[in-house]
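Student: Sending over a structure as structure tokens; questions will come in a sec.
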There are 2 protein chains.
Amino acid sequence: MTRVDHSRMANAIRALAMDAVEKAKSGHPGLPMGAADVATVLFTQFLKFDAADPRWPDRDRFILSAGHGSMLLYALLYLTGYPEMTLDEIKNFRQLGSKTPGHPENFMTPGVEATTGPLGQGISFSVGSALAERLLAAEFGEDIVDHYTYVLCSDGDLMEGVSHEAAALAGHLKLNKLIFLYDDNGITIDGPITLTDSVDQVTRFKAHGWNAVRIDGHDQKAIAAAITQAQSSDRPTLIACKTTIGFGAPTKAGTSKAHGEALGADELLAAKKALGWDYGPFEIPDDVLAAWRNVGKQGASAHADWRSRFDAMGDAQREEFTRRVIERRRPPALADTIRKLKEKLVAEPPTIATRKASEMALEALVPAMPELLLGSADLTPSNNTRTKGLKEVTPADFSGRYIHYGIREMGMASAMNGLSTHGGFAPAGGTFLCFTDYARPSMRIAALSHTPVVYIMTHDSIGLGEDGPTHQPVEHLAALRAMPNMRVFRPADAVETAECWQLALEHTTGPTVLALSRQNLTPVRVSASSENLSGHGGYQLVAAQGEAKVALFASGSEVEIAVAAQKELAARGIAARVVSVPSLDLLLAQPAEHRKAIIGNAPVKIAIEAAVRFGWDAVIGLDGIFIGMSSFGASAPAKALYKHFGITAEAAVEAAAKRLQNL
Amino acid sequence: MTRVDHSRMANAIRALAMDAVEKAKSGHPGLPMGAADVATVLFTQFLKFDAADPRWPDRDRFILSAGHGSMLLYALLYLTGYPEMTLDEIKNFRQLGSKTPGHPENFMTPGVEATTGPLGQGISFSVGSALAERLLAAEFGEDIVDHYTYVLCSDGDLMEGVSHEAAALAGHLKLNKLIFLYDDNGITIDGPITLTDSVDQVTRFKAHGWNAVRIDGHDQKAIAAAITQAQSSDRPTLIACKTTIGFGAPTKAGTSKAHGEALGADELLAAKKALGWDYGPFEIPDDVLAAWRNVGKQGASAHADWRSRFDAMGDAQREEFTRRVIERRRPPALADTIRKLKEKLVAEPPTIATRKASEMALEALVPAMPELLLGSADLTPSNNTRTKGLKEVTPADFSGRYIHYGIREMGMASAMNGLSTHGGFAPAGGTFLCFTDYARPSMRIAALSHTPVVYIMTHDSIGLGEDGPTHQPVEHLAALRAMPNMRVFRPADAVETAECWQLALEHTTGPTVLALSRQNLTPVRVSASSENLSGHGGYQLVAAQGEAKVALFASGSEVEIAVAAQKELAARGIAARVVSVPSLDLLLAQPAEHRKAIIGNAPVKIAIEAAVRFGWDAVIGLDGIFIGMSSFGASAPAKALYKHFGITAEAAVEAAAKRLQNL
């Protein structure tokens, strides 16, 4: 095979990007054109991958954090011969049903490692990816796990706050196989970056404990030298690559005009001419395509060698690796572990906070599930996330299973996305429910990308008490329930907490929020049930004596209030039932018939939840009674707050009695 | 008056903090005890304030970003003699109705400048505060506006991502009168900061364009020298003050045990002994109290001088300053400006995107409202936020009225909180609606703190098209509507957009989201109305011919679909009405009778919104028909997506007809 000049290979990326954006009349040509040299050097000389098997576990990860430059990635996948990335897909860029959506979606397109586009998500995801590599290497050996994580990122990625959290965490943990290629093109949508930013990124990353250098991003030798140096660093590396956005476009290169729209027919032709690229739309000359296809096969022998080493592993380790990393199955012992725990809890029902109940569940789950990777955003003693003896991960020792994520909620959530997606781990991280707001952009990526992670969100209502309204969630349950593919559980006691943990871990196509109380709760599930009653989102906890006149629906800490109200109503001769709703979203997702059966036909429907009503109308109807919050909370002891805001059994009883009188 | 030793004055803070936390059995003694020396030097030697008038416009701002250390601030307010901060309030720390909530709330307590607690919020707020000072000084002169913004912040503040956005923005704008006092105590909740962080903060801030120094935070001379140096810097300054958390507590000082719980009676007594503080609970010796009270009066003469200068200003400028900064009234021309715009729009109804309609409203509003301060998080050309000729703010020129916030959504939202709270400005900033997720923690602070800011959130649905699901909001409207005191408007055309802008700017007790379309919309408001029809959240746009069998509710870009469906139903002889719902939350907040009158009694109720159903049950009921999204979106042209997801007039008509058959 004849050797093809670097520039021609890079120009193939540029040309495909220009052509695809032009055809779609939509997209971002500037980044692919500017970063084509960097990407070409990385893919041709460094990246360990085998296009024939996008899921080879020990491949290097290439994460395009600057997701708007998706055509760079799609061009590389096509050129190197990923089977599903055909030229037709490139031609269908940004069209319905294509594998080439506007921004990369890892659940749509083999070869796309991370769903990116919302800025900062790729770089923070990559920290989890690189961390997973170190953790698995510590467990299974560097013969089996030994790869780099490369990230192409942009000005925007580095301006977002989460870049700080990601860089600080990676620097602290000395994730030296993490390498950022920063496409330093000096242009953002509003214009030159000098309009908005004066940060010295190299100095900044050095302050974060990184190796950091600045190079010419169009000089292939400099790029190769920098990557070689980065590979041997004892720290993560930032390579700031000075590039020209829209490289080659005669009038738009180096300006924000090249960023986010088609170049236009004339500029496109002139750019191809300037680049010496004398080919029509989507035309890649045979020699260039052959050279790229060869790059796609370069890793095949390394892949085969890896397969030999993998086959030579001990059976137990190979099976464990296969289960966790390749097949991503949960351990068979999971259901049994929870069943046994429930039996114990029913035998001696504890009056504890559900955060404590979660800790009890974790004590049982950790030995049964080696991939369970716990952590907290600096609220370990409050979130009850660290089980006894669970070793922490440190820069010097990656054999632990507990991560101190620091005060970095979004960084934690995004790293969990990377940890889960890499394979090998079931990450579960904690903070206060109120601070899901900080993590929300990364939680959304998890929901969109079908990423199974668990958020251990304690202090889930005004029940947290004295810290006050800044820390008391009132709208967060609704906000999370509104998100597609996000499961939200709010268990009422220790038994429900165990059930919800099982459901969370068995839910392998998306993320789960566990909303847990700070305050102690009276047990409500005191009879044995081998069935996981929380599995349909809601179930009848207390039956009415006779036909129910009142139905009380509640979640979490308010279920005991509903139970008390039911008793008082019964004492007054009013038949009432209680439906525990550990997951309103799961209840609403049940088939209509089943949902209606759970909700029932009681003429008075009351929902009790120490949060806003928003969403509950779907259960109780427009005329339903809601006992909960309609404002932010306040700073006071929890009991005083429940009374102050009228979230009491008495209030429910009075409201029910009054309504029944008026019917 | 005799001079009182620095240590005794600092110990008064420590003692009050210990006693109040002990009495409440809840709170954070560690920070007040550790930072007492820094705060004492700042308040006694530098801070320009007059305790008798917490609202003096030219006071220095002191922002406690580390809000968990609230007792530091409450102690200072009591000691210096703020009239409303009595000793009883200190004794009622963290109790219902007190002015001493767990975390500082600026709407509760005079003298508290910012609502803080969620980490990073104070430091990012302070950037807006310091920017407001520069902007007002450029407009009204340094005789009238010339003050510092001091921030006490913690490790947690500096670990949060938003610290990067705040530091980068302040460094870029060279806000040299912004001074961070970093309580560098090396302890977080999980333990020593070395567990989670290795960032060199001084180098980091220098990389951000700051002046940065490291000092001993218990050395009063060093503290004073550093503040003096900071005051004359041409850049913002970080003073990293090495302190001991829980300073004085014999066994808990320097550990996470001192952070977030009462010391306990024994440790408290031992701490007082170690500090040489021989006084009972809440007891401040006369000499110390007198010395502190004197500090509270130190600024009175500067205040009086300022008043003289203020009185000597030209009438027009003084009145403008009074209106905007002191009384915070909107200009009288506001309503008239919108009325005229609406007349013009009804005369020649434009088929434009509501983001473009928003720009038209802004073209009218900017001349009428000098305090309107526009900006965008690097989406200026997409958000249509910059009106013609509007000058940008630069480090060299603060006379502009447009802020390029950079790719910093939370930084922008928090800076807007600071700008608004400072007084003098009505900030309105833009990004895509999807990225409200990034800004959400600061938007919550605005809602909680009654802060009037406007979020110009464009690209408000799958209508944004090809950028795909990472950029298409589907759950954001619901998530924002669920937040107390957050107004959400989604106007249907140019006339409604003008009305919603008026409502947003006249709403001075909280924030407002304007959700605006990327795509062009058919005008639906084509007849004149001097009334602001959007003011009740919903109104009948098209009446039924006869008694309505079908009611169609829609917001924003889907109103034209509802109107088309109504026409088709009418053609089929089915009487239908259309209710435009520019604000679902405002509609639901109407008195029940009015709400029910708007919603009406049509047997078939259909809501159409290109977003999730969550929340709409409160209008259409459990059996209502919802035409919208139940999943994330996809990448394709907008029209293809509306068809793909079945959000069409045809779908509404078919669903209505089918339901009517089955009734």
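Here the Cβ of each residue, glycine as well, is placed from N, Cα and C on the backbone.
Keep in mind that TrEMBL annotations are predicted by a computer and have not been checked by a curator.
What TrEMBL lists as substrate binding site is B:HIS28, B:HIS259, B:ARG355, B:SER382, B:HIS459, B:ASP467, B:HIS471, B:ARG518. If you look up TrEMBL, you'll see B:HIS28, B:HIS259 marked as site 'Important for catalytic activity'. Sequence annotations record features per position, and here TrEMBL assigns thiamine diphosphate binding site to B:HIS68, B:GLY117, B:PRO118, B:LEU119, B:GLY156, B:ASN185, B:HIS259, B:PHE435. The Mg(2+) binding site annotation in TrEMBL covers B:ASP155, B:ASN185, B:ILE187. The domain 'Transketolase-like pyrimidine-binding' annotation in TrEMBL covers B:352-524. The active site, proton donor annotation in TrEMBL covers B:GLU409.
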Student: Could you round the CA separation between B:GLU409 (active site, proton donor) and B:HIS68 (thiamine diphosphate binding site) to a whole angstrom and send it over?
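Tutor: About 24 Å separate the Cα atoms of these two residues.
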Student: At a 10 Å cut-off from the C-beta of B:SER382 (substrate binding site), count the other C-beta atoms across all protein chains.
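Tutor: Step by step: centre on the Cβ of B:SER382 (substrate binding site), count other Cβ atoms within 10 Å, giving 19.
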Student: Give me the Cα-Cα distance between B:SER382 (substrate binding site) and B:PHE435 (thiamine diphosphate binding site), rounded to a whole Å.
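Tutor: Distance between the two Cα atoms comes out at 13 Å.
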Student: Thiamine diphosphate site residues B:HIS68, B:GLY117, B:PRO118, B:LEU119, B:GLY156, B:ASN185, B:HIS259, B:PHE435: biggest Cα-Cα distance, Å?
Tutor: 34
Student: Compare the C-alpha of B:ARG518 (substrate binding site) with the C-alpha of each of the binding-site residues B:LEU119, B:GLY156, B:ASN185, and give the closest one.
Tutor: B:LEU119
Student: If you compare CA-to-CA distances from B:ASN185 (thiamine diphosphate binding site) to each of the binding-site residues B:HIS28, B:HIS259, B:HIS459, B:ASP467, B:HIS471, which comes out shortest?
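Tutor: Closest by Cα distance to B:ASN185 (thiamine diphosphate binding site) among the binding-site residues B:HIS28, B:HIS259, B:HIS459, B:ASP467, B:HIS471: B:HIS259.
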Student: To the nearest whole angstrom, what is the C-alpha distance linking B:HIS459 (substrate binding site) and B:LEU119 (thiamine diphosphate binding site)?
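Tutor: Cα to Cα, B:HIS459 (substrate binding site) and B:LEU119 (thiamine diphosphate binding site) are separated by 30 Å.
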Student: Determine which residues of this chain, when B:ASP155, B:ASN185, B:ILE187 are set aside, have a Cβ within 8 Å of the centroid of the Mg(2+) site's Cβ atoms, and list them as they appear in the sequence.
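Tutor: Sorted by sequence, the hits are B:GLY34, B:SER154, B:ASP183, B:ASP184, B:GLY186, B:THR188, B:ILE193, B:ILE245, B:HIS259.
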Student: List the residues of the same chain that sit at least 6 positions away from B:ASP467 (substrate binding site) in sequence and have their Cβ under 8 Å from its Cβ, in sequence order, or write 'none'.
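Tutor: When sequence neighbours closer than 6 are ignored, B:ASP467 (substrate binding site) has B:HIS459, B:SER635 within Cβ distance under 8 Å.
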Student: Out of B:GLY117, B:GLY156, B:ASN185, B:ILE187, B:SER382, B:PHE435, which binding-site residues come under 8 Å of chain A, measuring Cβ to Cβ?
Tutor: B:GLY117, B:GLY156, B:SER382, B:PHE435
Student: May I ask which of the binding-site residues B:LEU119, B:ASP155, B:GLY156, B:ILE187 is closest to B:HIS471 (substrate binding site) if we compare their C-alpha atoms?
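Tutor: Nearest by Cα distance to B:HIS471 (substrate binding site): B:LEU119.
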Student: Would you mind listing, in sequence order, the residues at least six apart from B:ILE187 (Mg(2+) binding site) in the same chain with a Cβ closer than 8 Å to its Cβ?
Tutor: B:GLY30, B:ASP155, B:ILE193, B:ILE245, B:GLY254, B:THR255, B:SER256, B:ALA258, B:HIS259
Student: Under DSSP, is B:ILE187 (Mg(2+) binding site) helix, strand or coil?
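Tutor: The three-state answer is strand.
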